[in-house]
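**Student:** Annotation source Swiss-Prot lists ATP binding site at 195-203, 336-341, Asp425, Arg440, Lys530, citing similarity to another entry. The CoA binding site annotation in Swiss-Prot covers Gly448, Gly449, Glu450, Lys506, Cys514, Pro515, Lys516.
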Amino acid sequence: MGGFKIPNYEGVDPTGSWYSVLTPLLFLERAGKYFKDKTAVVYRDSRYTYSTFYDNVMVQASALMRRGFSREDKLSFISRNRPEFLESFFGVPYAGGVLVPINFRLSPKEMAYIINHSDSKFVVVDEPYLNSLLEVKDQIKAEIILLEDPDNPSASETARKEVRMTYRELVKGGSRDPLPIPAKEEYSMITLYYTSGTTGLPKGVMHHHRGAFLNAMAEVLEHQMDLNSVYLWTLPMFHAASWGFSWATVAVGATNVCLDKVDYPLIYRLVEKERVTHMCAAPTVYVNLADYMKRNNLKFSNRVHMLVAGAAPAPATLKAMQEIGGYMCHVYGLTETYGPHSICEWRREWDSLPLEEQAKLKARQGIPYVSFEMDVFDANGKPVPWDGKTIGEVVMRGHNVALGYYKNPEKTAESFRDGWFHSGDAAVVHPDGYIEIVDRFKDLINTGGEKVSSILVEKTLMEIPGVKAVAVYGTPDEKWGEVVTARIELQEGVKLTEEEVIKFCKERLAHFECPKIVEFGPIPMTATGKMQKYVLRNEAKAKANKEKS
């Protein structure tokens, strides 16, 4: 693959000891052997070691194999952040198959589409989400396995009547005997993640064993994880390849603290009790966590390494995190790159800068993780100059780029071409080589011949005290083509007027970048928390057409 060829040196065994298939299953082999007594998982009031974790994976894998699950078979998993879900990142590939994590916030119709499109043989569903599947049971080809709800045993008993098998019954047929690693080809699939589909049907992103292995190693290196690390699962395991941490934690024998709901008092208690060192989340989670802790005069007793992605952290968020004992690290990536592909590598000399300047630097998507590649290309496929002004498209390649889209050769050819994955993100490259995304190409606003970055305007609006979330987009205008429009979601109890917002922007932005229209209200989101700007644009177009008629 990719031109790899074993050299024909005299006396060298071409099947020798110097080569092994790169797969994250090697991490579990090591952890199960050398970290037997180390705590692997904490979940509610229970905790267990890597010895037990290894045994559970063997039981899950062998139980599936005894049910006829074999090489390249798919298993969908719909669940909160539970230990059984974490174990499936190893158990399913140990059985030779492919794990298909599914967002439990999706509609029943969307769940059915993914289960069927992925050709899943089984679907394990956490009891709270069973009813969603039952609505489309007749459309699903896979066999449903119920993962019982520890919170509600009586409800699970009732739900049991709706399925042929429970997870507990499945694993009763398994064995703790060690299984050999089945992966013989590094580029065979290990997981199949579906994109959130902001504008259409979700696409199945094919991740391979080699990519999962090397992505995890990069996470460990970039975020300085080791045997003493404790990772809090604030990030859903179904989201963007779980950012690689389902494998990275096991690679170093770290402890996984499973959080099955976003509960800010609980997050604080777990960080303190378990001495959490790392966590991942979107900016809104950190904003709400800081708000809770500040209202209750709380601080973390140890520094927590907080990965943030999805949007650059605002200065107010950075300040709030510093005040409660958190350190924010901005990363960037997509499902197609197993989550993070680049990091805003922080330089010590930046610590002395004013917070506003630090925030501007940290807002950048930065440079690629070690051993990955990233660039910004113009329309002719050439790198843009490092001037911080010329806009191009972010392209990526490396070990952690997906194989393509499952059963979708047209979309694969569209995005994976000329040796690069084309992200669709518009960006500039600063003189120091750090990349900064200015927008999605489809979200750039063309007003009076000027191109306006919706992200730039959103960053500015997020500086207004009391603003919870912002979506900036273009609405049709006969004179200007489009005008800059902002939908603002306010924190509870906060009052703000359109005039105040526009005045704030005029003091900080060019006149053509300032919103001409400001609306207040909820922002439509996908099930994975991505803003659906196309919904707002469609509403604006419908309104404009109605006014014309």
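Just so you know, glycine gets a Cβ as well, placed from its N, Cα and C.
Each of the listed features needs to be described in terms of its position in the shown structure.
**Tutor:** If you take the C-beta of Asp425 (ATP binding site) and look for same-chain residues 6 or more apart in sequence within under 8 angstroms, you find Glu393, Val394, Ile437, Asp439, Arg440, Phe441.
DSSP classifies Gly448 (CoA binding site) as coil under the three-state reduction.
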**Student:** Minimum Cβ neighbour count within 10 Å among the binding-site residues Gly339, Gly448, Pro515: which residue?
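**Tutor:** Selected from the binding-site residues Gly339, Gly448, Pro515 on minimum Cβ neighbours within 10 Å: Gly448.
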**Student:** Once the DSSP letters are reduced so that anything not helix or strand counts as coil, what is Cys514 (CoA binding site)?
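**Tutor:** Going by the DSSP assignment, Cys514 (CoA binding site) belongs to neither helix nor strand, so it counts as coil.
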**Student:** Which of Lys506, Lys516 (the binding-site residues) has the most other Cβ atoms within 10 Å?
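**Tutor:** Sorting the candidates by Cβ neighbours within 10 Å, the top entry is Lys516.
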**Student:** Which site among Glu336, Glu450 has the most other CB atoms no more than 10 Å from its CB, taking these as binding-site residues?
**Tutor:** Glu336
**Student:** Fewest other CB within 10 angstroms, which one of the binding-site residues Leu201, Cys514?
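**Tutor:** Result for the binding-site residues Leu201, Cys514: minimum number of other Cβ atoms within 10 Å at Leu201.
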**Student:** To see if you understand the setup: which same-chain residues, six or more apart in sequence, place their Cβ under 8 Å from that of Gly449 (CoA binding site)?
**Tutor:** Gly481
**Student:** Measuring Cα to Cα, how many Å separate Lys516 (CoA binding site) from Thr195 (ATP binding site)?
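**Tutor:** If we compare the Cα positions of Lys516 (CoA binding site) and Thr195 (ATP binding site), the gap is 33 Å.
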